[in-house]
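Peer 1: Structure below; questions to follow.
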C-alpha cells in the first residue's frame, strides 16, 4: 500500500511540470498584456515596467525564471495590483473559497451517497421517484438561475436567509451559496450511487451474504457499500475540481470575498502572475485530490493494489 | 430417521411484464436428517428456483407459495428479518459460481467470521480462530495465510472450499449445494464431492445437491428427485432410479450420459428441447419428447404417485422400458 502511494506521488511530478508549462505559454499566446490600459503609458515607463517584470526577456528565459522561482515556492508579484504578490492575494481569498467548496463537497457527498442508497434499496418505489425528481432539478437548473431563485425565495420573500454579501464568520451567509454549489454535485453522486448500488445488490456475493442471514443492515453496510462506492470515488476528484471552479462563479453571484474576484479580474487584465499562480494552485489541489482518490480506490478494491 | 425439511405443495411463480411463469409447481418432498438428496434436471427445470425460494432468495418478481417446514417453522413467506434467524445457521447454501459468490472487497476471514458473530454471538477473535480451523478442515493448505487473503488471490477450487467452510460454520441441519462442482476443474470436482460427503457425515447435515451431472449423483446421493418442466417426475433411491428407471425422462437422462464401460460410438440424447415454462404442452409436459407417450398423456397430466417401495413417478406408462427399441 505504501509503495503504491509512493508510485502515485512520483507519477504526479511530470504531470505537474507539463501543466505549468502549458499554462505559461498558452497565457502568453493571448493577445494584450498587463500594461495595456485604456490610456497608453509613456514608452519609457512601459519599458521600465517590462524590464522590472522581466517581460523584455525572451519568452523561454522568462519561463525558466518563473520555474526557478516556483521551485523556491515564489509565485511572483501581481503585475496589476500594486504592492501585492500572488501568494498574498491567494492567502487572502483562497481560504474562503476552500471553505465554501469543501463544505459543499462534504455535504454533497454525504447526501448524494445516502440518497443514492435509499433510491437503490427502494428501486421503483416512491422514495426513489421523489429523489429522482429532486436530483433532476439540481442537474437541469444552471447554478446562476438556481442562485437567483433561492435568493428570491429565501432571501427576499421569506427573509429567512441573507440574499448575498458577507459578514465575517456568519454561517447563514454561507447557506445559500453552499446549497447552490452542492446541489448539482449531490445530484450526480446520487445518480452514480443509485446505479452502482442496484448493480451490486444484484450480484452473487450479495446473494451469498443474504444466504448467511446477516440481516439487511449488515448486508448493506459491510457487503454492498464498499463495492458500490467505487464509481462514486472515481468521480470525487473531478467533482471537487468542479466545485472549486464553480465556487468562483457562485462567489461572484453572492458577492463573497473568495479568490474568484481576483481570478476573474486578473484574467481580464492579463495579470500573468495571478492567473498562473491561481491555476497552479488549483492544479496542485486537483492532483492531490486525484491522489487521495486513487488511494481510497486501492483501499476499496484490493485488486487495484497490485496493478 | 427424523425429517429435517418437509416441503408441501410448494410453487414458485415469476411475474413478467404481462404474464407469469410457473418455475416450480406443487413440489412435495421430505428430507431426512443427514441424508443426501440429489435434485436432477435440465436447465430451466426449476431445480435452483425451488431451493432459492426456501432460502428466501428469489428475485424481486418471484413469489413462492406452499410450505417448507423446517423443525416447527415454515420458511415460505417468512419475512426476511425472521428468515435471517435460520439462514446461515440451520440452513445454508452454496452457489454454482465460486468466482463471484465471495465478496471481492473483504478478506476471507471477515466473510467467514461474520457468520459466527451473527448466529453464535462469538467475539471477533474467537470467530476468526474457529473460521481458520474450519478452513483447515475443508482442506485448505496454510489456512492462516488464506484467511487473510482476498478472494481474487485464491483459485476457483480454493474459493469453493471457502464457500463450503463458510456454509458449515454453524453446523447447519440442511446444506443446499446448487451445482457446486459445475464451474470447477474435473480433477477438483471429485475432491469436492469427497469433501461434501465427509463433512456432511461428520456434522450430520442433510445435503441437497442440485445438479445436472448424473455422475455426481451416482457417487454421493442416497435419494434423487428428477425434475422436468417445474415438477418432480420421479423420486426414489439413487440405485433404484439408476438401475430401474420408471419414468421415460429419467431413462433418457441416463442414456445421454457417457459411460466408460459401454463403449458406444454415439450418445443417445433426448430428442427435442426442454419446454418453455410459459407454454407447457397439454397433458404431460414431457409428451412431445417421449417415445412411450399415448393418447392419455396428451389429454391429462399424470400425478406423482407411488411406484414401488419408497419411490414415486409421474407417468401413465406401465410397460417395460427398453431404450434401444424406441430410440
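Cβ atoms here come from the backbone N, Cα and C positions, even for glycine.
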Peer 1: State the residue range annotated as transmembrane segment by TrEMBL; the candidates are A:34-55, A:56-77, A:166-187.
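Peer 2: Transmembrane segment, as annotated by TrEMBL, spans A:166-187.
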Peer 1: Which one of these stretches, A:12-30, A:130-154, A:166-187, A:274-300, has the most C-beta pairs shorter than 8 Å to the transmembrane segment (A:232-254)?
Peer 2: A:274-300
Peer 1: What stretch of A:92-118, A:130-154, A:166-187, A:274-300 shows the most Cβ pairs under 8 Å to the transmembrane segment (A:12-30)?
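Peer 2: Of the candidates A:92-118, A:130-154, A:166-187, A:274-300, A:274-300 scores highest.
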Peer 1: Using a Cβ-Cβ cut-off of under 8 Å, list the residues of the same chain that are 6+ residues beyond the ends of the transmembrane segment (A:166-187) and lie near it.
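Peer 2: Contacts with the transmembrane segment (A:166-187): 99-101, 103-105, 107-109, 111-112, 115, 134-139, 143, 146-147, 150-151, 154-155, 239, 242-243, 246-247, 250-251, 253-257.
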Peer 1: In the same chain, who gets a Cβ under 8 Å from the transmembrane segment (A:92-118) while lying at least 6 residues past its ends?
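Peer 2: Residues 127-128, 131, 134-135, 174, 177-178, 181-183, 185-195, 197, 220, 225, 228-229, 232, 236, 239-240, 243-244, 246-248, 250-251, 256-262, 281.
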Peer 1: Using a Cβ cut-off under 8 Å, which residues of the same chain at least 6 positions beyond either end of the transmembrane segment (A:274-300) come close to it?
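Peer 2: Distant Cβ neighbours of the transmembrane segment (A:274-300) are 1, 4-5, 8-9, 12, 15-16, 19-20, 23-24, 27, 66, 70, 75-76, 78-81, 86-87, 89-90, 94, 226-227, 229-230, 233-234, 236-237, 240-241, 244-245, 259, 262-263, 266-267.
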